[in-house]
Amino acid sequence: MAQSRLAVVVTHPKLREQGTIVQETVKRLRSKGFDVQVIDNFEAPDFGGITQKVDPNTEIVVVLGGDGTILRATELTHCTDAPILGINLGHVGFLAEFESFQLDDAIDRITARDYMVEERLVAHVDVWLPGHDTPLVDWALNDITIERSDRGKMVELSIAVDGVEMSSFGCDGVIVSTPTGSTAYAFSAGGPIIWPDVEALLMVPLAAHALFARPIVIGSDSTLSFYISEDSSSDGWICCDGRRRRQLPKGTRIDVRQSSARLKLVSLSQVPFTTRLVTKFDLPVIGWREQAQIDHGHHQPSRQERDRDHHRNAEGVEHGTTLHGLVDYDDVQLD
């Protein structure tokens with residue numbers, strides 16, 4: 001007797017109330033021979049707490065929703081072998097592999113096991129509270145934020161890399177991001193985009209009151225440390241992936257490094273990350289000058305036309321002929 005295949009469908013409670021796409025997904029998976037479990041409501045655990053996990057026999061976790069729902073699902077799969085397939089029902093859906101209209105194709109590919117598994121770097125955080133000998137431990141796929149607890153004051157932080165202090169300043173906070181999270185909060189705060197296959201961590205200050213407070217990128221073997229000054233105007237808060245949080249008193253040290261665990265995301269295509277970036281962010285590839293010409297009725301040459309004209313111009317220079325916009329000075333009569 002063939003072993004049953006287990007799929008877990010994770011979605012938002014409101015989507016399950018609406019019913020249609022959730023019911024259709026469950027129906028399609030069951031028709032393909034899967035046992036299906038639906039999870040649509042789980043509370044954010046305490047920072048450093050134990051999170052609910054999927055059954056060890058889970059073959060795949062299908063997430064119906066946006067990036068926020070996918071981040072919730074990672075709590076179910078962290079430190080397990082179950083990969084996540086995101087089907088975007090939200091806005092940008094950067095972590096999602098498929099859009100909702102591609103549901104049938106996605107389930108067919110899942111059934112045939114016609115997919116790849118992409119492993120993403122995860123950040124590990126140790127929080128050393130004053131007077132404690134053991135740290136609180138947590139992790140993040142996207143980012144870890146350390147922020148002020150008093151909205152009217154700054155939190156004073158000192159920052160070190162591999163034990164060497166680099167800077168200290170008052171600020172609203174800092175973001176420590178993985179490559180996966182570099183297109184999220186860190187990007188909005190002015191940080192660079194890091195391709196997912198780069199082994200690195202990114203630190204972005206938030207409204208730092210300092211002349212030199214710029215984003216920095218460190219190697220994955222390094223550790224970023226933050227110390228909340230005893231003289232800080234405000235205590236701090238820490239939050240992992242916008243979910244698991246706790247208040248931090250003055251005198252707390254926070255160490256962030258690469259985790260030994262990886263999170264697994266299903267990839268169903270060979271679409272480069274650059275293409276996903278252009279598509280999801282709707283980047284103006286042609287630039288504003290070219291768009292202005294198009295808007296005013298001017299023809300904008302294609303890349304092939306530009307390459308062809310460049311080749312012709314190169315031949316013209318070689319043979320001494322007159323080029324468009326240029327003059328052969330041998331033919332000019334000077335007074």
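Here the Cβ of each residue, glycine as well, is placed from N, Cα and C on the backbone.
Cross-referencing Asp55, Asp133, Asp172, Asp221 against the NAD(+) binding annotation in TrEMBL, which names Asp67, Gly68, Arg72, Asn142, Asp143, Lys153, Thr183, Ala184, Tyr185, Ala186, Phe187, Ser188, Ala207, picks out Asp172.
Between the farthest pair of Cα atoms in the NAD(+) binding residues (Asp67, Gly68, Arg72, Asn142, Asp143, Lys153, Asp172, Thr183, Ala184, Tyr185, Ala186, Phe187, Ser188, Ala207), the distance is 31 Å. Under a cutoff of 8 A between CB atoms, and with a sequence separation of 6+ in the same chain, the neighbours of Ala186 (NAD(+) binding site) are Asp143, Ile175, Ser177, Leu202, Val204, Pro215.
The DSSP secondary structure for Ser188 (NAD(+) binding site) is helix. One residue stands out among the binding-site residues Asp172, Ser188 for having the most other Cβ atoms within 10 Å of its Cβ: Asp172.
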